[in-house]
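Taken from TrEMBL as is:
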BINDING   Ser65, Asn117, Glu162, Asn169, Tyr193, Tyr245, Val263  substrate binding site
Amino acid sequence: MPCQSSDELKELVKEARPIAKQGRVADYIPALGKANPNDLSIAINYPDGRCFSAGDIERKISLQSISKVITLALVLMDRSKEYVFARVGMEPTGDPFNSIAKLETMAPSKPLNPMINAGALAVTNMIKGDSVEERFQRLLAFIRNLSGNDTIEYNEEIARSEFETAHLNRALCYFLKQHHIIEGDVEQLIDLYTKQCAIEMNCLDLSRIGLVFALDGVDPQLGKQIMPMNIARICKTFMVTCGMYNASGEFAIKIGIPAKSGVSGGIMGAVPGKFGIGIFGPALDDKGNSIAGIRLLELLSKTYNLSMF
Ligand code: DON
């Protein structure tokens, strides 16, 4: 069933778009700096296959930090809760996504949660496989399965651009290695992590993955459990407590749905039991979240009473 353009969503996009002027496109990864700050699009996917959209929902975006919640799901399936949470915590930080500060001041020195970069790097390091290529292909296969789109690939230019400039992430990795949270070669981990972040899809694919989380791991088309329910629930809980970094508290109050953002301007939302959301709006606020995307979700949540609280 094709995704249907929706006048109601178009109205909300029109209302949300002006705030994009107050944001900035991420340029610390040079390849992301080319995005148009005024873009704003949304797709909403329902369990019965209905889909509604506004804006250019076919445009591809790199997942960036949205990948963190998907990698967490894979690693929880690969390993166990005990294994994963011995190496990364479950608490929000109140710090920016790439902060190193708490690694130094907390004892034991383990990342506070899997959504900040330090925790995400530790989680990516846990993906099973004998080589970077094998581990990456396993993640890609999982993402293709969740989205129902087996053409999903990664953007080599974006991966390379981040690989060449990921100095802070390398610093986080060496810190983690010193404290035995990760083992192995840091360059290989950065290679895997930057490819993970550069996986590309459009809003439609993103809303489809959001829907699998919304349905506690059930594929809506096949009616089959493709991720264990308890793992989908752990991921959604992290989306609520840490998904928007140090804006997660305000986001929970104003919008009240599990969501995960990325610096490319993507937001994946999962309205429990109801629908999945994919948003793209590359102008970011000062916390690295899509500024118009958040405004759009706020309007959507108010209009349709979506808050789970
Ligand atoms: O590690 C990084 O810097 C990026 N690849 C991902 C960061 C990100 O998306 C933070 N989200 N708002």
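Glycine is treated like the rest: Cβ placed from N, Cα and C.
Annotated features, which come from TrEMBL, shown on the structure.
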residue : record                 : Cβ contacts under 8 Å, 6 or more apart
Ser65   : substrate binding site : Phe97, Met115, Ala120, Cys197, Lys260, Ser261, Gly262, Val263, Gly288
Asn117  : substrate binding site : Phe97, Asn98, Leu168, Asn169, Leu172
Glu162  : substrate binding site : Ile29, Ala31, Thr194, Cys197, Ala198
Tyr193  : substrate binding site : Ala120, Leu121, Thr124, Ala166, Asn169
Tyr245  : substrate binding site : Thr93, Asp95, Pro96, Phe97, Met115, Ile116, Ser261, Lys287, Gly288, Asn289
Among the substrate-binding set Ser65, Asn117, Glu162, Asn169, Tyr193, Tyr245, Val263, as the record gives it, the longest Cα-Cα distance in Å: 20
Binding-site residues whose CB lies under 6 angstroms from ligand 1, from Ser65, Tyr193, Val263: Ser65, Val263
